[in-house]
Amino acid sequence: MATTKSVLVLIFMILATTSSTFATLGEMVTVLSIDGGGIKGIIPGIILEFLEGQLQKMDNNADARLADYFDVIGGTSTGGLLTAMITTPNENNRPFAAAKDIVPFYFQHGPHIFNSSTGQFFGPKYDGKYLMQVLQEKLGETRVHQALTEVAISSFDIKTNKPVIFTKSNLAKSPELDAKMSDICYSTAAAPTYFPPHYFATNTSNGDKYEFNLVDGAVATVADPALLSVSVATRRAEEDPAFASIRSLNYKQLLLLSLGTGTNSEFDKTHTAQETAKWGALQWMLVIQQMTEAASSYMTDYYLSTVFQDLHSQNNYLRVQENALTGTTTKADDASEANMELLVQVGENLLKKPVSKDNPETYEEALKRFAKLLSDRKKFRANKASY
């Protein structure tokens, strides 16, 4: 009798723990963030294809898409383009692009996007016409409010000198932000010196004309939009009725996947204090943007890692980044077939690398673990909604 009672107590404890775990998982807000980096978007493209493939296997659903699993998907520059590709609906109200379509997109269109050089020394390197053309063909008239999940795509308005963040949750207060996804994607990719700034107009709630004069989102978020995406997730948790149980969101309730486009390991070794002591404006101008972006990306990752670790939730945050790019793979606009093949290899090899020196788990293993959390959470919410 005592033995039977003990077994029943043990079973109850296991069920209670499991129920609590799934309840906590069901209340989590999931965030995907994708860095900028031009043609180097092939690297996160490889990672996203692997992740979506794992989700399809786990849920036995070949039609499963990343937008089904993430509450917020944010990106800047090429990351903004990927965000639009996996969240913009087709005629069946499903993402018009699967993750496996990303790399072929770069191979098909990259050489044309980065080939229309204006030939002007005092102007942008590329005219941007092909980029705008392909965005209009792929995204059509689709606007922000139609995105299949919350998005966070950044740009910078050079007329108002302020960042512009395109999200669904901002539309009630700022309906002028309900722009075409094609305009948004060009704007977030319009890196100064590479592409011309983008002008377009929408309407306010009063019907007045609202003008945008936008450049690359990296000017606003410096290439890594992870913190921006988290802030949008926080706002959604506070305002969306679907998340009423987690109004006071903290990082313990966040599941964050941040994808980089690679950094140059040799860059830190390129210059010394002695070498740069007599540099003037021209020399610094050639390298300061790369320095600033690298430093900002590092600090964003450092801040997020520290916060999640302090909350004993380090498994809730995964930064996937290649820190050893060399040669042509460091260039954002080298869309030669040879270089794109190298970038594919970088992405595939990255999956086999350890997450860090202190964590022998490979990125592939970490992404499988992440996929399991995403899958379990989706199932929990689906079961809860059926009652």
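For all residues, glycine too, the Cβ spot is worked out from N, Cα and C.
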Stretch carrying motif 'GXGXXG' according to Swiss-Prot (options 36-41, 264-269, 354-359, 360-365):
36-41
75-79, 205-209, 375-379 - the one Swiss-Prot records as motif 'GXSXG':
75-79
Looking only at the motif 'GXGXXG' (36-41), what are its DSSP counts of helix, strand and coil residues?
4 helix, 0 strand, 2 coil
Can you tell me which of the recorded positions Asn115, Asn203, Asp216 is spatially closest to Ser77 (active site, nucleophile)? Compare CA atoms only.
Asp216
Residue counts (helix, strand, coil, in that order) that DSSP gives for the motif 'GXSXG' (75-79):
2 helix, 1 strand, 2 coil
Packing count at Asn203 (N-linked glycosylation site) (other Cβ atoms within 10 Å of its Cβ):
12
Taking the recorded positions one at a time (Ser77, Asn115), which has its Cβ surrounded by the most other Cβ atoms within 10 Å?
Ser77
